[in-house]
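A.B. asks: Handing you a structure now.
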Amino acid sequence: MGEKTSDDAPGGSANVSDSEATVSGINERALLRKLDLRLLPAEGILTVVVAAAAYGFIHNYPDTSKFLTEDERKFIHQRLAADSDSTHDERFSWKAVVEALKDPNCWLYGLGFHTMSLPLYTLSLFLPTIISNLGYTAATAQLLTVPPYAFAFITTATVAVLSERLGQRAIFIGGSAIFAAIGYAILLGNSDPVARPGVSYVGVFFSAGGIYPASALVLSWPAINVSGQTKRAIANAMQISIGNLGAVLGTQLYRATDGPRFIVGHSVALGYLVANAVVVTVLGIRLKRENKRREEIAEEIKHVGEVADWRGDSDPRWRFEY
């Protein structure tokens, strides 16, 4: 009789299989790290190349665009003048920076995005994990993220068109936030998501279908409402800075040990969405009241001042979209 090998020993085959699986896993992770190290510089270089090319193609003003004819420059200038203050010849001033920092509306725009960025980024980052915790494989979970995003595309396009045609922002942002909040309520209400994955999947549709249109509108709000190019630039920067703090917080909320229900993460996201509806409602009321006040004095100031006298969104001739 020959000598007994480890494969012949009880559990020997299992031990070999486990060892092979471990080695395979280690090799796979090493390969992924190597690919990451190669891809990151490639992606970074591509971004730099595109940015350098864009610098030569993108012009600051129609007047400086050499590829336009004189008639085209006039047409674009008239269209921009009718739509915004983009044609005003404005230079940077610290006074405009201070005005933005002192304007409560600019802080509310930031808070509006802050209360939306947490559910926005956490949904994007953790949606595959949330779905895989419903009992699906990783590959299937990735595929199942496509329909919610497709639905979000439809809701975003629909809400954007309606909002623009009606000239309303707050009601569509707040309504979308509540729509998304319903989704998180469904996710939280499903006590056994593994046994009833369909219920949670429906909740994901609500969440994605509300978060994305609300995010798109809230990010564009200061761009159309803050007048004065320097003040608008500062307002946009404030909004992104304040907003991204929500994303930083959100990444700490979805822990592997909390699956499959993720009660902490879903609860905070739900609270943030409700807070968003409150913030945009308050901001919408403020803007509507200011428009009404300016309408009341419109007769007194309609013949006063030229373009050179423009005072940005503090000018009584300016109207906000609420």
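The count begins at 1 with the first shown residue.
Using N, Cα and C of the backbone, Cβ positions are placed for all residues, glycine too.
Annotations for this protein, taken from TrEMBL, read as follows:
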type	residues	note
REGION	1-20	region 'Disordered'
TRANSMEM	39-58	transmembrane segment
TRANSMEM	118-139	transmembrane segment
TRANSMEM	145-163	transmembrane segment
TRANSMEM	170-187	transmembrane segment
TRANSMEM	199-221	transmembrane segment
TRANSMEM	233-251	transmembrane segment
TRANSMEM	263-285	transmembrane segment
A.B. asks: Going through 39-58, 145-163, 233-251 one by one, which has the most CB pairs that fall under 8 Å from the transmembrane segment (170-187)?
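C.D. replies: When the Cβ pairs under 8 Å are tallied, 145-163 comes out ahead.
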A.B. asks: Report the listed stretch (118-139, 233-251, 263-285) having the maximum count of Cβ pairs within less than 8 Å of the transmembrane segment (199-221).
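C.D. replies: By Cβ pairs under 8 Å, 118-139 leads among 118-139, 233-251, 263-285.
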A.B. asks: Same chain, outside the transmembrane segment (118-139) by at least 6, Cβ under 8 Å from its Cβ: which residues?
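C.D. replies: Hits for the transmembrane segment (118-139): 145, 148, 180, 184, 187, 193-194, 197, 200-201, 204, 207-208, 211-212, 215, 246-247, 249-251, 253-254, 256, 259-260, 262, 265, 268-269, 272-273.
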